Each structure stands twice: as C-alpha cells, then as structure tokens.
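The next block holds one structure in the form of structure tokens; read it before the comments.
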Amino acid sequence: MSDILAVAREQVLERGVGLNQDQTLQVLQLPDDRLDDLLALAHEVRMAWCGPDVEVEGIISLKTGGCPEDCHFCSQSGLFASPVRSAWLDVPSLVEAAKQTAKTGATEFCIVAAVRGPDERLLAQVAAGIEAIRNEVDIQIACSLGMLTAEQVERLSEMGVHRYNHNLETARSFFTNVVTTHTWEERWDTLRMVREAGMEVCCGGILGMGETLEQRAEFAANLAELDPHEVPLNFLNPRPGTPFGDLEVLPAAEALKAVAAFRLALPRTMLRFAGGREITLGDLGAKKGILGGINAVIVGNYLTTLGRPAEADLELLDDLQMPIKALNASL
C-alpha cells in the first residue's frame, strides 16, 4: 500500500484534490512518530491553497442559556444540571463588543444566541444590533442563531449578515449520540438555504465526543460534501452537569492529527481554531496547529468558557510572520 503522506502530497498539495473518507482515516490512524511529517505537509497544503493570511474573529453571546435543545456537550441547555444563563445583551453592549473585537485586528464579529431557532424578538434585537454596528464599526458581521426558516434566512441576508454559522457538530452516523431533540438533516437544510441566499456558510463541529476515528473521517467527508467557506474545529471541553461532563479531554497528538487530516480533506477551506484548544493543546499545541493546517482563529473568550488572551494569539501570529487577513475592501 502506498504511503498515505506520499499520496496526499501528490493529490492534495500538487493538485488541490482533498482526501476522500478512506484516505482521511488512514491519516488519522498514523502513528505518533509520523505527526511532525503530517503537520509539515498540512502546513504546505494550507500555504499553497489558502496562503499565509490568518482570519481573526471575535464572538459574542447575545442570549446565553435556557436553550430547549439537548446537545450533550452544551452547558447552555435548559435540560441539564448546568445552569448557565444571563440577561440578553442590549444594542450598546453589542456595539462595544464589536469595537473591542475590531481593535484586535479581527475582520469578523459573530453574534450568537442559545436557541433552537430565532423568534421575532430575537430577530428584532439582532437587526437593531447589526444596524448599529454597521454604523460605527468597520467589521464583517456573522450570526449563529440556530435552525432557520427560508423567510428568516432571507431576512438575515437583507440585514447584511456576511456569514452564517451552524455546526453539524459530528458525523451523521454519530449525531444521535450527541443530540436527540432535532436531526442532522434539519441542520443540513438550514445550511443549504443559507448558501442559496448568498451568505457564506460556516460549519464545523466538536472533536472528542466519543466518536471513532472512522466517524471522524466520515465527518470530514460530510463537510467536504457541504463545501463550506469556513470550518471551525472545536475540541470537547467537558462541562460539569452535561451528559458529556465526564468524558476525557482528547490527547494533544490525536487532536493535532485531526487538524492536519481535516486540512488534507479540505485543502481550500478556511480552517478555524475554536473552543477547547486551550485545554487540549496548550500554547505549544496552538503553535503546532497553526503550523499544521489552521488558517483562522477565534480570539478572546468563547460563549461559556475562557479562551486564550487575544494578545497571546496575535503575538503568536506575529512571531510566525503570518499576517492577519485584511477586511474585505467591498465593505
């Protein structure tokens, strides 16, 4: 059998054709002593097909907690013994958060709400926030508001939402182990409508929720079929009181192999470091990830957990001589 890294070099690096599901599994199964070679190849692929720029994004939780869904990893579910809840953010708070995000050099600001899908009150608050931000801050606005109807997709597009995030979370075959209150197909339908409306699609998931390597490879193939503009990669940070609260953190080498494997499966896609990387990888692992296929980061804190200080990520990018992606000139 041909060495999978030699195959990937010819197929992915030279021709820009992502690995298929079986090939991705072979990468995930590589022994740890091949990790450095794997990361180096993934970095070459990233530089060849995405370039040196790194997109920086900040996120804010407009509505925290009280969600009716049972996503087993999430402390914002109202169904678990993990009460995370706070008042809705008002418009001035959204604007101030966008300003602080822009000061880091970020070009993307994502407004997030813990809901199954937005109701009229939430959409009105989002619309008011977007209008105020666009009047005061030079930044692209993304949203993550759960599952949408066709009419809601159209309204968000008309508001000027640049990109919509809705994660598939995991492989289709593993989804019912993670969520039971809605289906994988419902999430897929929202993503399809978002693309049809002309917004960029942002879709990723969480690694380390008990899925097998085969299912991790399946998930990469699911994402390749969707072909999103951006894939955020999260690593499970077990939350007390949730069904996944007692799972072990993914070993760093396994997490880095996954990062590189997803890059080789998705050579032209923006691959973003998201939640959980602090406890899974630490500072050294963050550097290895950025030198192993990652070309986008979330700076600052996440929705319910602390992230690395924005300054630490920005200093790392500067040390690695990786420029922050400039704001789209069309804005």
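Backbone N, Cα and C atoms are what each Cβ position is placed from, and that goes for glycine too.
Taken from Swiss-Prot as is:
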- Cys67, Cys71, Cys74: [4Fe-4S] cluster binding site (BINDING)
- Cys110, Cys143, Cys202, Arg272: [2Fe-2S] cluster binding site (BINDING)
- 52-277: domain 'Radical SAM core' (DOMAIN)
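As a whole-number mean, the pLDDT of the domain 'Radical SAM core' (52-277) in this prediction is 96. Each of Glu57, Ile59, Glu108, Ala142, Ser144, Arg163, Tyr164, Asn165, Glu230, Pro232 belongs to the same chain as Cys110, Cys143, Cys202, Arg272, is absent from that list, and has a C-beta within 8 angstroms of the C-beta centroid marking the [2Fe-2S] cluster site.
Sequence-distant neighbours of Cys74 ([4Fe-4S] cluster binding site) (same chain, six or more apart, CB under 8 Å from its CB) are Cys67, Phe80, Ala114, Arg239, Thr242, listed in sequence order.
Note on Cys110 ([2Fe-2S] cluster binding site): other Cβ atoms within 10 Å of its Cβ, all shown chains, come to 24.
Here the CA atom of Cys71 ([4Fe-4S] cluster binding site) lies 19 Å from the CA atom of Cys202 ([2Fe-2S] cluster binding site).
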